[in-house]
Structure formats: C-alpha cells, structure tokens
Amino acid sequence: MERVQEHEECLVQTQMYWVERPVYNEEFLQGQLHKKEKTPQPLSQKIAHSCRCSSKKAKSHLYSFLPILKWLPRYPVKAYLLGDIVSGISTGVMQLPQGLAYALLAAVPPVFGLYSSFYPVFLYTFFGTSRHISIGTFAVISLMIGGVAVREAPDEMFNIMESNSTNSTDLLENYKARDAMRVKVAVAVTLLSGMIQLSLGLLRFGFVAIYLTEPLVRGFTTAAAVHVFTSQLKYLLGIKTKRYSGALSVLYSLIAVFSNITKTNIATLVVGLTCIVLLLSGKEINDRFKKKLPVPIPMEIIVVIIATGVSAGMNLSNTYEVDIVGDIPKGLLAPKVPDINLIPAVFVDALAIAIVGFSMAVSMAKIFALKHGYTIDGNQELIALGICNSAGSFFQTFSITCSMSRSLVQESTGGKTQIAGTLSSIMVLLVIVAIGYLFEPLPQTVLAAIVMVNLKGMFKQFGDITHFWRTSKIELAIWIVAFVASVLLGLDYGLLTAVAFAMITVIYRTQSPQYRILGQIPNTDIYCDVEEYEEVKEYPGIKIFQANASLYFANSELYASALKKKTGVDPCAVLATKKKAQKRHAKELKQTNEHRKKAVLKLTNDMETSVKHEVINDELPLNGKSADVNAQGTSPDELEHFMEPVTNVHCIILDLTPVNFVDSVGAKMLKSVIKEYEEVGVFVCIASCSGPVMDDLTRLNFFEKSTTRDLLFHSVHDAVLSCQLKVGSVPQTASDLFVSTSESHMEN
C-alpha cells in the first residue's frame, strides 16, 4: 500500500509539473534568450590568420604531413619488433608473386609489378596513417590501368596480329615497342592519378570517398572480378588473343577465347589447373587452421618456386611452347620523367583510378583502425597515396592502393606498424637487385592462376544480392547497377554511372519520404506514428504531421499533397463544398420568394368592412424543414445550420524535427499551406525547428505579415498545449491533465 501511495504521489507531482509548465513557443524564447554578438572576421584577417606560423603550429603540420615522426620515436621495440618482422616476411612473400601477376593485368611486363611493389610501399611508411594496410599492386586498379594502356597502345598500332605460333625477330621487336608504349601510358596515368590524390588531400577533400557507398564499391569490385577473370582465361589456356577494353570488353574477350578454344595449349592448361588446385587447397587450410597456424602457409610463393623450377628443368617454353615471364632486368631503373603529352587522353581514367584507389585504401584502413583503437586521417591518406603514385611514376611504377588479401595477412600475422610494410618492400628489392632473373622461366599461366584464386573473395560478394534483398531494395538496386554498368560499359564509365545512380537514389528518397500522423503515448510527452503503435492516441481535433525529409523544390508539392491526404482536410475541397452549399441555399431561397409572390390572397369582408389578407401556403417546406417567410438574406447562423460540418479538425501541427534545410520553394509552400488552412478555420503551427532551419526561414523572409513567430513552438508537446488552449479544451481524464494546461491551471 505504501508503494502504491508513493507511486500516486509521484504521478501527481509529475502531472502538476506539466500543468504548471509554460508553453514554449518561438516568441517566448525570443523574449527570454539573447543571441551572442559575433563580429564577422574580414577575409584578409582569415587569410592572415591561416598563414600565421608559430613553432607549435609548424610542429603540428610537420607531424601531420610525416606521421612517422610521431610514432617511430615511441616505437616499443620489445613488444612490436618480432611481430612486425614475421608480418613483413609473410606479406613480402605474397607481394612478390602478386606483383608479377598483377603486372599482366596492367598490360606491362612483369618486372614493373615488382617496381610497383617496392617504391610506393616504402614511401607509404613515412606518409601513411594506417598501421596495418598493405600498400601495393591490386587487381582492380591494375585492370583499370591495363584498360587504358590497351586502348592507347593497341596491338594494331604495332602490326601485331593474333597468332599462336611465331618467333620472328620483327614480331619480337614489335612486342617490345608495344610494351614500352604501354609502360609510358601506365606511368602517365599513375602520375596524373597521384597528382589528383595529392591535390584533393591538400585541399581537404577526403570526404569524396563517402560518395562511393559500400553497395556501390562491392558491386563495382565484383564486376571488376568478372573483368579480371575473363582477361586471364587466355593465359590459363595458352591462347594468344587480342586484349579488349571499354564497353562490352568482357563479351568480346569471351568470344575471342571460345572462338580459339581449339588452339588451347594442353601443357599450359595442366600447369595452370594444377596451380589453382594447390592455391585453393592452401587457402582452405589457412582458413580452417588459422588459429593453430603461427603464420599462414605462403602457398603463392611456394607454387611460384615449384613452377619456376619445373619450367626450367623441363624447358617448358621450348618443349611445349608454354609462355613464360621472360626477361627480368637486374637492378633498378634510373628515374625518368613521365610522358606528359599523354595526360589529356587519360585524364578521366586517372580521375576514376584516383577515387577508386583512395576509396579502397581508406575503407580497409578504417576497418583496422576501428578494430585496434586508433584513428586515421582521410586527407593524409590522400596525400600519402598521391605521393606514392606521383613519386613512384618517375621510377616506372603503375598505380597502387591497398590490397585486401595482403592487408589481412599483414594484420593477422602480428603486424603492429608499417615497419612490416617496409620489410616486405625490402624483400621485393632484394629480388629485383639480386635474384629476379631466377623467375624468368616462370610460366604466365601460374600468374594467371594466382590472380584467379585471389578473386575468390570478390566472387563471394554475389551473396550481397540476398543480403540487400532482405535489408534494403534501394541498396540492392545500387549494387546491381554498379555491377551491370561496370561489366557492360567498362570500369571507368561503369563507376561514373553507378555514382550518378547513387545520387539519383538520394533524390528519390527525399522526394518520396515517409509521411506520418503522430499521436501521444499516454502519460508522456512523446509522440509516435499512430499507424504503428496501438497505444498511441490522437488528440480530438488536432493532427500532428511529420515527414522525414527536408523541404525543397523537389518535394514541396508532394509534401503539401501528403499533408491534405494524411490529415483528411483539403482546404480547396472545403471551400468548394461551402461555395456549393451557399449556391444551393441561395437558389432555394429564391424559389421560396417566387412562391411567396404567387400566393393567392383571399379577401374576406367582416362586419367592420375591413380587408384581411390571408396567405395561402403560409409555410413552404424546404429540404424537409420550414423556411422562415421573413428571411430576407442568408445569415451566418442560418448557413451553419443549413450546412453539415465538413471537418472536425481545428489545428494542424507540422513537426519539422527531421527537416535539415528549407529552400525558397519550401518556404513558399509552408506559407501557402498556412494561408489555405486559415481560410477554412484550421490553425496551422510549426514545431521542433532546428537552428539551421530557423536561419533558412529567417533568411527567406518567412516571418512577415500574417506569418509570425508565434506559430513556431519549441517542441510538439508545446504546440499541442497551445492548440488546446486556443479551442478551450477541457481535460476529462488523468492523462489529459498530465499533458495539457487546463482551465484549472488558468484559474491558478
């Protein structure tokens, strides 16, 4: 009993709080609050302030530009060094075969894949902010580079025809000239993409990656996997066909391969399939026993070493005409300025490569940063990638980014910092300067097998279709458009198409928001959708309308239409009904007067010779009721008595809580709505405006003439209380007392 009494006393105290609580509308708040005075700073002062330098500011900028200066002096040698060494070796043995393999995708000789696995990886150690990602060659970027190189330096330019058996000296010279030209194109694209990334980073444009949403990136990379797999079929089968790029390149490549399927080199196919089986077995073992294995089995380098030895021992190149890697120059190339004359022809491709490369790197970096509890700087990542690509282009590298498979290995084998990346790059350097020539007998089909097996994770992304079907149809549409467009139009135009479609979905969502009528949760000041919860109740005569989108030119008319539909009050229809009723009433009054004039007067003589006028049909029936013969016009009371009420809604509250901004069209729509409903006797007010929305309305001169700030309320509940006061509502229950300022409150 005591607990019940305590609960009742608490409830009464809470109820009295709401009874005595004032109504907070905008006019009240304007009288109570005073804005802080802010003196606008001239542009010259802003520029001078930004250019002002101090020792602290210079140190901060230096640490930001070279993050290694911040973490290397604090490097815990005993705790981190062993893990970084193991991780660096494990990553390095993956970096080597993948560098050779992805060079084929980039349409350049394999040794340039080794260059791209050394210079950028080493530079990222100094400028990158992620501790765990592995920078280097990546299938998607390599394929995009190869598409540009093939387009700008096709086989026809060098008189190279499709053939499966030729060893002429002239043809070899043509191959060398073609490869040299493709290297120039790849290097030019790399320089330009690096400059774009560096510029975006310096201009603090790291946010551009947000426009590549996860469904878009996953659909795009799945399409890239299809392109990569198709491009490697000819190496797996030992068929010499033309490499295609651009729209429908996948289809053309498949047609070329299957039209020459009878020319398959059996020895090449056997070697390639054997390597695929070994690589898949190794991946399965690593996945199944990853908790028991101290480090993953480096199956790729094992396969490369075995295949190289078998190829050299059996002389597969001469005996079975198996295509091999060929010449790998010993040592590093001298720096060389890229051919800038090619830049205009590859600008669009470089822009796409720059954005995709940054998106891949920053997404993986964020995953590892979240897992290990540190932060990355998106702008600095852009700068780091820009420096890696632009500086590396002078040493004949092609564009790089983060590799997902190598990053997972680098992190899972105990890597703590980019010291692991540095060690992996040093391993690649040793191969370049010392033992690179040993891999010359390596069959190209082995590299194709490595590329194909590494696509396994990307092909698993087809499972996204069922996931997005259950969670979001719009994200599923983005995934499908990104995939189909990238497969059919090529990776560059497919990416642009996917980004454009993703933007359209944003517009669609704002044009087609969810419209709700809100009601109150009993005994609270919380308002929810009346169609979603059974306990939520509406106030009689009050409609609370909410739309979860901003108000601008694209959805203003839809907002007004939804308001009329949801509230059940259409001012135009109400006015039309009233006018129709008035016309009908006026017509019937006219008919009454005509009947009165035609009435027959009967004269009767009485004893005093007086005349008495008697009106026949003293009362004429009108719509089943008696019409007053003395009525000379239509009084408001008579009209109200004649007409049935059109609506019982007297107040509409527009909840703008989800609204982020309002443009001029949206503001005009709100004023029009308020005016239209006012004409039919319905009061419209606005609740829960955010600060930016208030600034928009003020700047658009919304509060002038009939529209004043007393229409705005701090919350929906304040607006409800005000509406109840306007119509003089009297609460009948305890819950009404809890949420309204009643007549008893006014008496107090």
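Cβ coordinates come from backbone N, Cα and C, glycine included.
Among the features that TrEMBL reports, domain 'STAS' is placed at 532-723.
Among the features that TrEMBL reports, transmembrane segment is placed at 100-127 (among others).
The annotation transmembrane segment is assigned in TrEMBL to 133-150 (among others). Non-local neighbours of the transmembrane segment (133-150) in the same chain are 91, 95, 98-99, 102-103, 105-108, 113, 116-117, 120-121, 124, 182-183, 185-186, 189-190, 220-221, 224-225, 227-228, 231, 243-246, 249, 346, 349, 352-353, 356-357, 360-361, 364-365, 368, 385, 388, 398-404, 406-407, 409-410, 421, 424, 451, 454-455, 458, 490-492; each lies 6+ residues outside the stretch with a CB under 8 Å from one of its CB atoms.
The annotation transmembrane segment is assigned in TrEMBL to 185-210 (among others).
Beyond its flanks by at least six residues, the transmembrane segment (216-237) meets 104-105, 139-140, 143-144, 146, 243, 249-250, 253-254, 256-257, 261, 264-265, 268-269, 272-273, 323, 356, 359-360, 363, 444-445, 447-449, 451-452, 455, 458-459, 461-462, 464, 478-487, 491, 494-495, 498-499, 502 of its own chain at Cβ-Cβ distances under 8 Å. TrEMBL lists 216-237 (among others) with the feature transmembrane segment.
A Cβ distance under 8 Å defines the sequence-distant neighbours of the transmembrane segment (244-261), meaning residues of its chain 6+ beyond its ends; these are 146-148, 150-151, 162, 164, 226-227, 230-231, 233-234, 237, 487-490, 493. Marked as transmembrane segment by TrEMBL: 244-261 (among others).
Positions annotated as transmembrane segment by TrEMBL: 267-285 (among others). Beyond the transmembrane segment (267-285), the same-chain residues lying 6 or more positions past its ends with a Cβ under 8 Å from any Cβ of the stretch are 235-238, 297, 299-300, 302-303, 307, 310-311, 316, 320-323, 443, 445-446, 448-450, 452-453, 456.
Tertiary proximity for the transmembrane segment (297-320) is limited to same-chain residues at least six positions away from its ends with a CB under 8 Å from its CB atoms, namely 90, 93-94, 96-98, 100, 265, 267-268, 271, 275, 278-279, 281-283, 285-286, 438-439, 441-443, 446, 449-450. The transmembrane segment annotation in TrEMBL covers 297-320 (among others).
Annotation comment: TrEMBL describes 340-362 (among others) as transmembrane segment.
Residues 75, 80-81, 83-85, 87-89, 91-93, 95-96, 99-100, 111, 114-115, 117-119, 121-122, 124-125, 134-135, 304, 308, 325, 328-332, 410 of the same chain, all 6+ positions outside the transmembrane segment (419-439), place their C-beta atoms under 8 angstroms from a C-beta of that stretch. Look at TrEMBL and you will find 419-439 (among others) tagged as transmembrane segment.
The feature transmembrane segment is assigned by TrEMBL to 476-508 (among others). Sequence-distant contacts of the transmembrane segment (476-508), counting only residues of its own chain at least 6 positions beyond either end whose CB sits under 8 Å from a CB of the stretch, comprise 140, 143-144, 147, 211-213, 215-220, 222-224, 226-227, 245-250, 348-349, 352, 355-356, 464-465, 468-469, 554.
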On the domain 'STAS' (532-723), the mean of the pLDDT values is 74
